[in-house]
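Engineer: Next up is a structure, given as structure tokens.
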Amino acid sequence: FLPQVDSTNAGRVLASDAAVFLKKSGLTDLVLGKIWDLADTDGKGILSKQEFFVALRLVACAQNGLDVSLSSLNLPVPPPRFTDTSSPLLLSGTASSDLPWAVKLEDKVKYDAIFDSLNPVNGLLSGDKVKPVLLNSKLPVDILGRVWELSDIDRDGMLDRDEFAVAMFLVYCALEKEPVPMSLPAALVPPSKRKPLSVPGAMPLIPSSTKESHQSLPPVGILAAKTPLTQ
């Protein structure tokens with residue numbers, strides 16, 4: 001990665017060059033700002049080679065749902081992923097559109113049933129209709145906010161059937177103590193929303209432990225049981 005941001009081979013990376021490169025990780029500006037602050041230890045706006053590697057490590061942590069903190073640096077994580085097609089660490093020649101969707105068919109049927117019970121309008125649910133379902137999970141509000149941000153893929157303030165399935169999948173992962181990622185893994189992007197090689201921060205499939213625990217989740221109805229179905 002270093003030659004891409006250190007064109008003069010000076011062994012250091014300027015803030016402006018690093019910002020352009022790190023944005024390709026698909027992480028939010030807020031998260032990237034935190035990563036920069038932790039890596040730029042002396043606050044000079046320039047990263048040494050070692051500090052740049054710290055930044056890359058923190059990007060990998062964020063992409064895999066870990067806390068962006070120096071204590072996460074020693075945790076085992078896959079290499080960071082960037083959308084730059086010249087990056088050797090992108091999924092090797094595999095377009096994101098070829099990845100199987102992480103939401104299993106049998107779970108999608110359950111999520112669709114909840115979706116339909118919430119009276120969608122033109123195939124869409126507003127935030128007001130989704131909010132009670134999310135709150136019934138009893139998850140922390142900041143986690144639910146991230147679930148909404150990740151599942152509203154087209155940023156229209158509404159969830160369609162596939163986006164709602166992503167939200168439910170993330171809620172159940174969180175209920176099983178699985179971390180909610182900072183950016184949506186490529187495998188979680190619904191096939192209907194995919195464009196080849198354009199998914200921010202392409203990442204490996206959801207860990208198998210998530211899939212296994214997903215089978216033993218409580219009935220989906222617990223989320224919607226207390227939700228009034230009429231507004």
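Placed from the backbone N, Cα and C atoms, the Cβ positions cover glycine too.
All TrEMBL annotations are machine predictions without curation.
Quick paste of what TrEMBL says about this protein:
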{"type": "DOMAIN", "residues": "1-83", "note": "domain 'EH'"}
{"type": "DOMAIN", "residues": "27-62", "note": "domain 'EF-hand'"}
{"type": "DOMAIN", "residues": "107-195", "note": "domain 'EH'"}
{"type": "DOMAIN", "residues": "139-174", "note": "domain 'EF-hand'"}
Engineer: How do the residues of the domain 'EH' (1-83) split into helix, strand and coil according to DSSP?
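Structural biologist: Helix/strand/coil tally for the domain 'EH' (1-83): 44 helix, 6 strand, 33 coil.
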Engineer: So which residues does the domain 'EF-hand' (139-174) touch in its own chain, when a touch means Cβ under 8 Å and the partner is 6 or more beyond its ends?
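Structural biologist: Answer is 102-103, 107-108, 110-112, 114-115, 120, 123-127, 130, 180-184, 188-190, 192-193, 206, 210, 214, 217, 220, 223.
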